[in-house]
């Protein structure tokens, strides 16, 4: 059951773990699109909502914080197009604030942390938040040596050659600067230059660009620096990384020093001493925003004193001494021409509004997500009303559309004054528009609440689900078959020729054999050719042996993301052991079921989804045919020669004082142990810290070896 609409307080620990798994996967996907490909597909507001949901879950269930948690990372992994650069100091992101109350809370938290009274004034800087690409530029002995993108905050992309083409960035600094200087700032494209570039593209009959931010990022990632040079990119300096000697002791003075060294700095930056002044400057910048020749999406506030910044320090991914006050998303009015239903891999029916084209924030918008059936009716994910009942969205309505840097914006509200009498309420389909199967809304057995998503029950007989499943199967983190992308999958799926048809995963691996005796050769079809077909067959054959976690992930089991697949592979070791365990766990009781639930990071929601998947004969039959073609490799185990805990199952409970829970888990796994989240007959060791409760009691009841943290350290160190 989906819990994404449920209040955090109502979730069980298993439901929270399942949702954190989903959020980690979903946020990582959007990070990769935004930071790695410059192709965001959701709005900033929706992205921020995902992050806030993740933070709320982690605050309530701190023991569930994952190693791949979005709260522990910045941006996306660097691409492989450019060589990697490890930042001398991490490039962290900023926490966001969205209201005056949020800003007041931020300032109050600074005063509290420093033990300052309100009458002991602390100065802040306030400057526009440029909507561009973050950059770190390193100078040694005054000469530009390296320029790198933010990447994941630790490692970025080397774009030095392209940065040298930006006229505003000096290649040589004045005499007397520190030996090592890292200037950080934002590369952007001016609005006027963006419009001129699009006029040029139109004149040449080429596709125009979406927005200045994406265009700047794409221009900076050109393999040919001449292309970058032609794009007239610009730069604002506002921060620093490694600095061998600090030329000033305040944020404001540091930025003014950058200006003296020849860097452009934003003229709207101010030093202010009160919340009222900060908010007034925010409003002032907001009023100037339409007339600026560059895009901004908020105002950044920083504690001015570098000494106080040092005392305030950092959280895991952001400084305590800074925040970004975001502007509201841009809005416009247009008409809903049609509501269409898309069917995804898991059968979810997602409504999309086709809009009368409208320009919002410099981008032509023709589609808007409607999320689900309830959203159309004005009901939020938690069952709360987000619009008056009569403000349901209908075909023919005039609506308010919001866009915040996304490709598919969202509809906020209906303009009732413009609703025509003949406009009728939208009837959400109860039958899948693709396969004709029933589409149902499940009820969460624990909360009794209806799931906000309606799903097709057709499974693999539904073409939409089948094609999306195949696309998932060949995706990068699954089988990763080069040359078999979305368009190719659609071609093979729709083809009626038995020698070309691919409708299940095993048929990918029989394609070459079927083609040998066919009169219809793939190489003779437009879009393929002999060379590309040869490469496709080679890519397919390269995947006849595959890592176990990739195989499990590729199966497309609901709730089983890449991280969960790795946990399962590490726990079971072989596919045979995994499949046997799933079958033995079918009664939802017994040792196999308990062992599955005991795996750290696997809760009842995920476990139930896996067991249900293996109960379906069609799934078992398809996997059987797949195993005739493919061999999942045994999961790699850490080298643990001489380890006293190799092969043992360990449970940590209570408070740990010398390690964080993640550190203890990582250390145990590096020594060959399996870390479980609950105690069962197969548990070998329970490490109990202060506050240990029911897990320790159960361990004693079962006769499992127990020890405190010091005894555990002595064991693994001996």
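Cβ from N, Cα, C; glycine included.
Features as listed in Swiss-Prot:
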BINDING   44, 45, 46, 47, 48, 93, 94, 127, 150, 186, 302, 326  NAD(+) binding site
ACT_SITE  129  active site, N6-AMP-lysine intermediate
BINDING   432, 435, 456, 462  Zn(2+) binding site
DOMAIN    640-718  domain 'BRCT'
For the Zn(2+) site built from 432, 435, 456, 462, further residues of that chain with CB within 8 A of the site's CB center: 343, 347, 433, 434, 436, 437, 439, 457, 458, 461, 463, 464, 465
For residue 302 (NAD(+) binding site): DSSP state (helix, strand, coil): strand
Nearest of the recorded positions (129, 432, 435, 456) to residue 302 (NAD(+) binding site) - Cα to Cα: 129
Model confidence over the domain 'BRCT' (640-718) (mean pLDDT, whole number): 85
Pairwise Cα distance for residue 150 (NAD(+) binding site)/residue 435 (Zn(2+) binding site) [Å, integer]: 45
Nearest of the recorded positions (46, 48, 129) to residue 435 (Zn(2+) binding site) - Cα to Cα: 46
Cβ contacts of residue 94 (NAD(+) binding site) (under 8 Å, same chain, 6 or more positions away): 300, 318, 319, 322, 323, 324
Between residue 462 (Zn(2+) binding site) and residue 44 (NAD(+) binding site), the C-alpha gap once rounded to whole angstrom: 33
Packing count at residue 48 (NAD(+) binding site) (other Cβ atoms within 10 Å of its Cβ): 14
Rounded distance in angstrom between the Cα atoms of residue 48 (NAD(+) binding site) and residue 129 (active site, N6-AMP-lysine intermediate): 16
Candidate recorded positions 129, 432, 456, pick with smallest Cα gap to residue 46 (NAD(+) binding site): 129
Which of 432, 456, 462, all binding-site residues, has a Cβ with the fewest other Cβ atoms inside 10 Å: 462
Summary of DSSP states over the domain 'BRCT' (640-718), given as helix, strand and coil counts: 28 helix, 15 strand, 36 coil
Three-state secondary structure, which DSSP defines for residue 150 (NAD(+) binding site): coil
Residue 129 (active site, N6-AMP-lysine intermediate), number of other Cβ atoms within 10 Å: 22
Cα-to-Cα gap, the residue listed as 'active site, N6-AMP-lysine intermediate' vs residue 44 (NAD(+) binding site), nearest whole Å: 14
